[in-house]
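Asks: In case it helps, Swiss-Prot gives these features for our protein:
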type	residues	note
COMPBIAS	1-18	compositional bias 'Polar residues'
REGION	1-21	region 'Disordered'
REGION	71-98	region 'Disordered'
COMPBIAS	87-98	compositional bias 'Basic and acidic residues'
TOPO_DOM	134-139	topological domain 'Extracellular'
TOPO_DOM	208-211	topological domain 'Extracellular'
REGION	239-347	region 'Ion conduction pathway'
TOPO_DOM	263-288	topological domain 'Extracellular'
CARBOHYD	ASN280	N-linked glycosylation site
SITE	PHE333	site 'Central gate'
SITE	VAL337	site 'Central gate'
BINDING	GLY489, GLU490, SER492, ARG505, THR506, ASP550	3',5'-cyclic GMP binding site
COILED	567-610	coiled coil
Amino acid sequence: MAKVNTQCSQPSPTQLSIKNADRDLDHVENGLGRVSRLIISIRAWASRHLHDEDQTPDSFLDRFHGSELKEVSTRESNAQPNPGEQKPPDGGEGRKEEPIVVDPSSNIYYRWLTAIALPVFYNWCLLVCRACFDELQSEHLTLWLVLDYSADVLYVLDMLVRARTGFLEQGLMVRDTKRLWKHYTKTLHFKLDILSLIPTDLAYLKLGVNYPELRFNRLLKFSRLFEFFDRTETRTNYPNVFRIGNLVLYTLIIIHWNACIYFAISKFIGFGTDSWVYPNTSKPEYARLSRKYIYSLYWSTLTLTTIGETPPPVKDEEYLFVVIDFLVGILIFATIVGNVGSMISNMNAPRVEFQAKIDSVKQYMQFRKVTKDLETRVIRWFDYLWANRKTVDEKEVLKNLPDKLKAEIAINVHLDTLKKVRIFQDCEAGLLVELVLKLRPTVFSPGDYICKKGDIGREMYIIKEGKLAVVADDGVTQFVVLSDGSYFGEISILNIKGSKSGNRRTANIRSIGYSDLFCLSKDDLMEALTEYPDAKRALEEKGRQILMKDNLIDEDLVAARVDTRDVEEKVEYLESSLDILQTRFARLLAEYSASQMKLKQRLTRLESQMNRRCCGFSPDRENSEDASKTD
């Protein structure tokens with residue numbers, strides 16, 4: 001039995017070689033598997049690392065976003081598929097495609113407005129011209145047919161876009177296609193769009209293609225052109241120039257239509273039948289198409305602007321048309337004068353306001369007999385402000401915006417500046433919002449001292465543009481030059497305990513040229529810190545560390561100095577107690593005055609009763625009882 005077991009337990013050389021080969025193959029496969037898994041994991045890690053590097057948010061900016069954005073970003077990062085996973089061909093199970101809805105405030109919608117405004121403008125300019133001038137229609141018939149039906153295609157597409165254009169309801173964009181279609185069909189635009197797409201040009205089959213007036217219903221799409229003008233005026237940086245151009249365009253279109261109607265009336269009455277209508281086309285100089293249109297345009301311009309003499313009308317219909325033209329011309333003239341006058345006033349309003357400030361300062365300096373040198377410096381300072389467009393009062397401009405938008409604009413404008421200050425690097429987002437709203441732009445002239453050694457520090461400054469010099473007491477020797485992005489005075493406004501310099505300036509800083517600085521006052525900082533006590537303590541600790549690093553703090557002063565926070569709290573408590581006492585005293589004084597008044601009235605009544613008794617009058621019983629009660 002043992003022998004059998006021994007024989008069975010000893011494999012043959014062939015079996016051993018096969019097993020060794022299988023074992024080696026398993027080792028190779030396991031090694032390749034581990035290597036492949038390692039390569040896949042390294043590639044996944046590298047892709048995530050590169051993705052994180054590409055989209056690493058600024059930690060300073062991150063503090064201005066709420067937790068909702070962070071949750072969204074976390075969900076998006078968790079939703080990234082693993083390298084080994086395969087997406088289903090339908091894009092994911094249970095995922096429903098959202099319908100395409102156009103946001104009316106998006107750039108895509110504005111670009112579509114630009115595209116649809118072109119065929120509308122084409123129809124308004126050329127349909128009437130082709131209907132009145134036969135040569136223009138017949139000589140370029142193929143071109144007009146292509147343009148007409150291309151415009152019709154855009155009209156149809158515009159109806160589809162309008163049916164998918166979202167609208168706001170309770171502040172949210174409605175994206176339900178059924179509600180969008182229902183909302184669109186209830187508007188006047190839908191009715192006009194339907195009327196503008198009625199295929200009236202099917203009458204071409206019976207009348208011929210030389211009747212473009214059959215397509216006049218395409219003019220009902222004018223609302224798209226007006227909407228394009230309104231949105232362009234809102235988006236452009238030169239609204240006054242655009243308004244003037246828009247007004248000129250409207251005037252030219254009216255003159256163009258009037259010229260075409262004049263030529264059509266002349267054709268109806270008969271060319272050359274009288275002095276008012278267009279001359280006889282049998283003459284070669286009046287037979288050309290260009291001469292026909294230019295002559296009609298010239299007549300229309302003279303009539304509507306009433307600046308020239310035209311041949312007087314002869315027939316009744318001619319008189320009626322000229323009267324209507326005169327009335328339209330008066331309206332055009334009044335509109336142009338009024339609009340251009342208001343636009344010019346709006347364009348010159350900043351200059352007029354700024355010039356009024358300069359004039360008032362000049363009058364004051366002349367009245368106070370200011371030296372010519374100082375007066376010249378003041379005028380140059382004003383010139384610098386105007387030349388560099390620094391005359392805008394930011395608070396006045398932004399006063400109509402809500403606080404949230406004010407904060408976002410301030411963050412967008414001043415965030416890069418505030419990031420450069422060390423003590424504000426790790427502040428709370430709410431405190432940073434408060435601080436950026438309190439930054440005030442300040443401009444210094446050449447040679448102006450921003451601060452001098454020993455002055456009490458009430459502001460800190462951040463250099464936006466310009467150069468400042470740290471000078472010696474003699475005002476000549478320069479130690480260092482501060483440029484864009486530098487800041488100073490941040491420690492003095494914190495009033496840190498134990499500072500060797502206290503809250504006084506330790507250097508003389510002077511402006512070399514014109515310098516633009518941002519100023520943050522101590523009062524504004526403390527007002528913002530009242531709602532953030534933890535941030536206040538953190539700022540003070542950070543300022544104390546900076547002073548200790550520069551060996552500018554005295555530990556003995558820290559130990560000996562009374563805690564200013566306790567003193568401030570006591571002062572605040574005393575102020576509140578004083579307010580309460582004043583209120584109580586005022587109430588007691590009012591009660592005392594009222595009681596005195598009642599007492600005087602009672603004494604007066606008693607005196608009158610005593611006088612009556614002394615004079616022999618017998619008062620009634622009720623009065624005597626009242627007097628006894630009063631006694």
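Along the chain as shown, residues are numbered 1 onward.
Using N, Cα and C of the backbone, Cβ positions are placed for all residues, glycine too.
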Asks: Who are the chain neighbours of the topological domain 'Extracellular' (208-211) in space, where the CB to CB distance is under 8 Å and they lie at least 6 residues beyond its ends?
Replies: 131, 134, 137-138, 141, 145
Asks: Measure from the Cβ of VAL337 (site 'Central gate') and count the other Cβ atoms within 10 Å, all protein chains considered.
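Replies: Summing over all protein chains shown, VAL337 (site 'Central gate') has 10 other Cβ atoms within 10 Å.
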Asks: Going by DSSP assignments with H, G and I as helix and E and B as strand, what are the residue counts for the topological domain 'Extracellular' (263-288)?
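Replies: Taking each residue of the topological domain 'Extracellular' (263-288) in turn, the totals are 10 helix, 0 strand, 16 coil.
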Asks: Going along the chain, which residues at least six beyond the ends of the topological domain 'Extracellular' (134-139) come within the CB cut-off of under 8 Å?
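Replies: Non-local partners: 210, 212, 289.
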Asks: Are there any residues at least 6 positions away along the chain from THR506 (3',5'-cyclic GMP binding site) with a Cβ closer than 8 Å to its Cβ? List them or say none.
Replies: LYS453
Asks: Show which residues of the chain containing the residue listed as 'N-linked glycosylation site', separated from it by at least 6 in sequence, have their CB under 8 Å from its CB.
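Replies: The list for the residue listed as 'N-linked glycosylation site' reads PHE271, GLY272, TYR286, given in order along the sequence.
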Asks: In whole Å, how far does the CA atom of ASP550 (3',5'-cyclic GMP binding site) lie from that of VAL337 (site 'Central gate')?
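Replies: Here the two Cα atoms are 69 Å apart.
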Asks: Would you mind reading off the Cα separation of PHE333 (site 'Central gate') from GLY489 (3',5'-cyclic GMP binding site), to the nearest angstrom?
Replies: 61
Asks: Using only the residues recorded as binding 3',5'-cyclic GMP (GLY489, GLU490, SER492, ARG505, THR506, ASP550), report the maximum Cα-Cα distance in Å, whole number please.
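Replies: The widest Cα-Cα gap among those binding residues is 15 Å.
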